[in-house]
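Worksheet: one structure, shown below.
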Amino acid sequence: MNTDTIRTIVGIIGNVISFCLFLSPMPTFIKIWKAKTVMQFKPDPYVVTALNCAVWVFYGMPFVHPDSLLVVTINGIGLFIEFSYIIVFFIYSDGPKRKKISIFLGVEIILFAILVFVTLTFLHGTKNRSMLVGILAVIMNVAMYASPLTVMRRVISTKSVKFMPFYLSLANFCNGGIWFAYAFLKFDPYILIPNGLGTLSGAIQLILYAKYYKTTNWDDEGKPNEIELQRNADTV
């Protein structure tokens, strides 16, 4: 079995894991749909993740970075899912929140359009194009890892893992690891770096879970959006 075949198999496994991660907020949106209100939940993670997916889809285009079909497929699916979440959020939000969502989406569309225009107009060759788009994608992914850090800090300060779901932490670890392997098999630093950090982040979360599980008071109530902070976009 050659390297390309192994890489394809690893990428397919990565698609499956990432797809499950994209679906992980589904219980939240079922709760919103039943309550007919967004409660304390915030749209920010979904709006940011949508832009992140769009950038990775663009990165995987043949005229930007060839041989990246599996990157395009999962992020294309992710983009559709995130927009579905945003639509639900928009429907059940009040006026000010709808305005905020609209402004954020408008800014994202403008920024993405500028990226596409600059890349295709001023950069020639896939090496230069993949470098610009890849660097921006890496910066976005690394910035999004700030969310789990917030939860990890809470775990350490409270000695409680109640707001750091085990299976989500495990999925994040596996997802980062599988895409790290995918990027390593046919060296791609722009996928390797953020997913290496994602693997490290997931590993630390699992270590914290093992350390503080016994000291957790599972009867305490907390804010629902704390769990949302744990979800991140380390899908690719």
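Using the three backbone atoms N, Cα and C, a Cβ is placed for every residue, glycine included.
Quick look at what TrEMBL annotates:
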type	residues	note
TRANSMEM	6-24	transmembrane segment
TRANSMEM	45-64	transmembrane segment
TRANSMEM	70-91	transmembrane segment
TRANSMEM	103-125	transmembrane segment
TRANSMEM	131-151	transmembrane segment
TRANSMEM	163-185	transmembrane segment
TRANSMEM	191-210	transmembrane segment
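The recorded stretches the transmembrane segment (45-64) and the transmembrane segment (131-151) share 3+ CB pairs below 8 A when only pairs 6 or more apart in sequence are counted, and are therefore in contact. Among residues of the same chain six or more beyond the transmembrane segment (103-125), those with a C-beta under 8 A of the stretch's C-beta atoms are 43-44, 47, 50-51, 54-55, 58, 63-64, 86, 132-133, 136.
Note on the transmembrane segment (191-210): residues 71, 137-138, 141-142, 145, 148-149, 151-152, 155-156, 161, 164, 166, 169-170, 172-177, 179-180, 182-184, 232, 234, 236 of its chain, located 6 or more positions outside it, place their CB under 8 angstroms from a CB of the stretch.
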